[in-house]
């Protein structure tokens, strides 16, 4: 039997709600996965992409990653991973550097065999480039074959990548496809191949209300067994307030007090009618009551005059902007420029030069990046949880220098972290495998 942890969408470095504590929460969740691996007698940790939230993780995020990977390496547990859309760069990938340090294996066309199971990888590929993929791999004599991929695959919600096509065109018959990108965990069977999303390890948006976690996957000669494990993460309090015509801030405060707010992220959703409620007043009240951070979603109707009946704020303004940009159907190059302009890590005085360099680089290396993407329907854009980021023009040598500096500075410190690993329902896997699925790396 071969037993692996299937995780992904850890989004290290995400300073959600501009909170340093939330940034640390994402690293803490990843460390809990590692702790579970050390305690759980697993043969490997498989990461399905989006290790980082963006292409330029900062030094504390790199140091935390290196420390966690060294703990796995010291225990003889391989870390197998692919590159997701959030962290993908135009030059060298962070994962490549971790591999050079002996702390990770980047999966691709060539198999990496663990306990009789051959693992292959398929990095995230923008839709505009998928016609170039041939889904051909290097077959190997192994008991089982597994593809690890990042993208929105069928038969799950918001899909734009046909799993059936990958399976049909691949020269390897896969027993399972371990996926990342969709933050909602789910499992399905396609013609004898098990396809599963592990979900995110922390709540990357206010819509992710269910407990976070990962998959524990066991491969035996007769079956593929997929079980859900939950992680202990920072509590979120989702406060829904239905206001009557004469109700306002006092009713909202009363409702907020009904929840345990200690160190929680509080999301207040206003519905119904009622008086004007200033979001800032609600948010500051929740913080005074013990919350780490609070946000308000005012979803009340527009009045008869066509004006907004109340002030409106978003639970996560960054997510709202990304969602609107996604709806616009911009080209990869335009998305890259948008990210540069909005990136907090690029000084205002350097934005013009940075944009010019990226445009010149894309014109030289990837003219197709200026072709607009197919616009999604409003319904798809409203629900979709991932944005197809453009390839980064960052210099690979700079990436390497930063990673090696982090490697030298990192210390192998054992972090005392534990996780609640409540076993949820198990998929009812079958032993048969008819079709398969392929990769490009």
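Backbone N, Cα and C atoms are what each Cβ position is placed from, and that goes for glycine too.
Values in this document were obtained by computation on a predicted structure and should not be read as measured data.
Pulled from Swiss-Prot, these are the features on record:
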- 86: active site, proton donor (ACT_SITE)
- 9, 11, 50, 183: Mn(2+) 1 binding site (BINDING)
- 50, 85, 150, 181: Mn(2+) 2 binding site (BINDING)
- 379-403: compositional bias 'Acidic residues' (COMPBIAS)
- 411-425: compositional bias 'Acidic residues' (COMPBIAS)
- 360-441: region 'Disordered' (REGION)
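DSSP classifies residue 150 (Mn(2+) 2 binding site) as strand under the three-state reduction. For residue 85 (Mn(2+) 2 binding site) paired with residue 183 (Mn(2+) 1 binding site), the C-alpha to C-alpha distance reads 13 Å. Cα-Cα distance from residue 183 (Mn(2+) 1 binding site) to residue 150 (Mn(2+) 2 binding site): 11 Å (rounded to the nearest whole number). The Cβ of residue 11 (Mn(2+) 1 binding site) lies under 8 Å from the Cβ of 26, 50, 52, 53, 86, 200, 202, 204, each on the same chain and at least six residues away in sequence. Under a cutoff of 8 A between CB atoms, and with a sequence separation of 6+ in the same chain, the neighbours of residue 9 (Mn(2+) 1 binding site) are 48, 49, 50, 84, 180, 181, 183, 198, 199, 200, 201, 204. Taking the recorded positions 86, 150, 183 in turn and counting surrounding C-beta atoms within 10 angstroms, the largest count is reached at 150. For residue 50 (Mn(2+) 1 binding site), the count of additional Cβ atoms within 10 Å of its Cβ stands at 28 [all protein chains shown].
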